[in-house]
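As written in Swiss-Prot, here are the features:
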type     : residues : note
REGION   : 243-270  : region 'Disordered'
TRANSMEM : 25-45    : transmembrane segment
TRANSMEM : 75-95    : transmembrane segment
TRANSMEM : 111-131  : transmembrane segment
TRANSMEM : 156-176  : transmembrane segment
TRANSMEM : 195-211  : transmembrane segment
TRANSMEM : 213-233  : transmembrane segment
Amino acid sequence: MSREEEKSPFTEHLGELRDRLVRSFIAVGVGFVIAYCFKERLFDILTAPLIAAMGEGQKMIFTGLPEAFFTYLKVSLLTGVILATPVLFYEFWMFVSPGLYRKEKRFVLPVVILSIFFFCVGSSFGYFIVFPYGFQFFLGFSSDTIQAMPSMKEYLGFASKMLLAFGFVFELPLVLTFMARMGLVSVEFLKKNRKYAILIFFTGAALITPPDVVTQIMMAIPLMILYEISIIGARVFGKKKDSDEEEAAENSDVQTDKSTDDTTPGEDQN
């Protein structure tokens with residue numbers, strides 16, 4: 001085989017990767033253009049919890065001349081990525097799937113769907129539940145001599161980080177179930193360390209949310225529920241000891257058969 005023939009598969013993979021990246025960027029660009037046409041409406045939706053907490057007649061500000069423009073660009077870009085998500089996953093799947101086994105293909109698709117579901121639930125929880133109470137707490141420091149004047153850039157950065165944080169936190173059941181599937185944790189381990197997990201949840205809620213007991217409880221309770229869901233997932237999909245023993249037995253049988261086959265020719269010669 002010539003050197004050019006050896007390089008051709010690698011070159012083909014690079015060409016396919018380039019084409020799929022180009023299509024992904026085009027999809028994001030189309031989503032960005034569509035989102036930019038509704039930039040003000042999208043920003044109004046994002047700031048709705050804050051405006052509701054501030055009261056009627058209140059407005060946000062921008063402290064630099066290009067701040068509003070760049071804020072709208074960022075909102076449109078984030079929305080464009082969300083709109084292009086189906087295309088991005090499709091291109092990623094079509095590039096990766098040929099190298100996966102059939103069992104792995106069956107496992108990947110449900111994981112992707114569940115990860116998107118949990119992320120959306122977490123972000124929605126932060127937007128609809130935590131944001132209103134958190135903003136009311138922060139705005140409570142206003143007085144006759146102090147007035148809150150949040151800027152567009154500041155709010156976009158804060159809201160984006162918080163929504164991403166809530167989305168990733170709600171991936172907890174999926175992560176622990178995957179770890180149980182790999183044999184890294186067990187149901188007994190999760191049950192035994194439940195009290196430490198609860199302590200971590202309340203500590204994390206105190207750090208992430210405003211120093212308000214109600215808001216901290218509202219953040220910690222869903223995490224406790226997610227932890228219990230993780231235990232159920234680990235029990236159903238976790239790695240079983242019986243399966244490990246069966247796999248070890250099968251491997252030993254295969255090795256025994258192989259050693260028998262290797263010794264048979266020598267016995268025939270004797």
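Glycine residues also receive a Cβ, built from the backbone N, Cα and C atoms like all the rest.
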Of 75-95, 111-131, 156-176, 195-211, 213-233, whichever stretch has the most CB pairs under 8 A to the transmembrane segment (25-45) = 75-95
Within-chain partners of the transmembrane segment (195-211) [C-beta distance under 8 Å, separation at least 6 from its ends] = 130, 133-134, 137-138, 162, 165, 217-220, 223-224, 227
Request  = May I ask for the residues of the chain that lie six or more residues beyond the transmembrane segment (156-176) and have a Cβ under 8 Å from a Cβ within it?
outcome  = 46-47, 71, 74-75, 78, 111, 114-115, 118-123, 125-127, 130-131, 185, 190, 208, 222-223, 226-227, 229-230, 233-234
Remark   = Same-chain residues at least 6 beyond the ends of the transmembrane segment (75-95) with CB under 8 Å of its CB atoms are 16-17, 20-21, 23-24, 27-36, 39, 42-43, 46, 108, 112, 116, 156, 160
